[in-house]
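Each remark here refers to the structure printed beneath this line.
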Amino acid sequence: MSFSSRGVKQVLLSVEQSEGVGAKVRRSIGRQELRNFDPFLMLDEFRAGRPAGFPDHPHRGFETVTYILPTSKGSFEHEDFCGHRGTIGPGDLQWMTAGRGILHSEMPLSDEISHGLQLWINLSAKDKMCPPEYQELRSEDVPKITKDGVTAIIIAGESLGTVSKIYTRTPTNYIHFIMEPNSRIEQRVPSEWAAFAYTVEGKVKFSAGNFIDAHSTVTFNPGGDGIIAETGDEPGNFVLISGKPIGEPVVQHGPFVMSTQKEIIEAINDYSQAKNGFENAQTWESEIAKKLNQG
Ligand code: FJE
Ligand code: FE
């Protein structure tokens, strides 16, 4: 039986912009033309080395997925207002459910540039105020499989018969495909899910279209069995991200993403008054911010 591939809907190249403090990002989902890609809110390809980074900031109502690319030279350090701390190195994965509230800092550990991807996945209204949770995997514990010149790193969901242990409150499939020249992959995607690819390096062709340059977002029409990707004479690597649309209103105010304007006002008040999940925001400051503020 033949595999029917989804058609390409849009191809958009991302240019670098400044974000956080001195960090550089190429924004995929979340930019003007790619708003409302339900259930996804943002995908940034980031580069940052000390002293740049993303110092103390809050989140509510969604999940952040930080994946440092296996080829990255630098690592990230993460620290939150409940005492959760750690490093995210090359190939490592941090799946953070902010739920009702997280206040944290995300900063490079070294002067060497850290290069990674951060995806924001919306939560359904029933999950938005859940307790915060982390799912963290070291590079060696992220499932990988190689077949016919294609390595699939399975961040969430399944590829080539290999399954991730990550629990997704919003059903999501997130695979990093690293392809040798002249290789091909068929990846199944539920026909009603939102799906896009983001090219990290090299040149990749989707659904028998044209070769797409690095740093491009390719969105797909719904339907079909999934996505076919191919390389030519150059290697290529990309992430393929798909998820079940939530189908609820999205009201976003920076790092707070809720379903109504009223809930956004509550989030702003809860954060500024340190209540309803933001209790520790009253006194907390990251170690890095403390050092900087001492001068
Ligand atoms: C944020 C501005 C920001 N992309 N990629 C406003 F920069 C951020 C933010 C990030 C971020 C962090 C990492 Cl580690 C990687 C990122 C934006 O932290 F949350 C808001 N609201
Ligand atoms: Fe953050």
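Positions of Cβ are set from backbone N, Cα and C atoms, glycine also.
Note that the structure is a prediction, hence the values are computed from the model and not measured.
Taken from TrEMBL as is:
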BINDING   His57, His59, His104, Glu106  Fe cation binding site
DOMAIN    23-121  domain 'Pirin N-terminal'
DOMAIN    174-277  domain 'Pirin C-terminal'
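The Fe cation site is set by His57, His59, His104, Glu106; from the centre of their CB atoms, other residues of the chain with a CB within 8 Å are Phe54, Asp56, Pro58, Thr64, Asp80, Ile102, Leu103, Ser105, Pro255. Summarising model confidence by region, the domain 'Pirin N-terminal' (23-121) averages a pLDDT of 97. Ligand 1 lies within reach of His57, Glu106 from the binding-site residues His57, His104, Glu106, judged by a C-beta closer than 6 angstroms to any of its atoms.
Each of the binding-site residues His57, His59, His104 was scored by how many other Cβ atoms lie within 10 Å of its Cβ, and the smallest score goes to His57. The Cβ of Glu106 (Fe cation binding site) lies under 8 Å from the Cβ of Gly53, Phe54, Thr66, Phe76, Glu77, His78, each of which sits 6+ residues away along the same chain.
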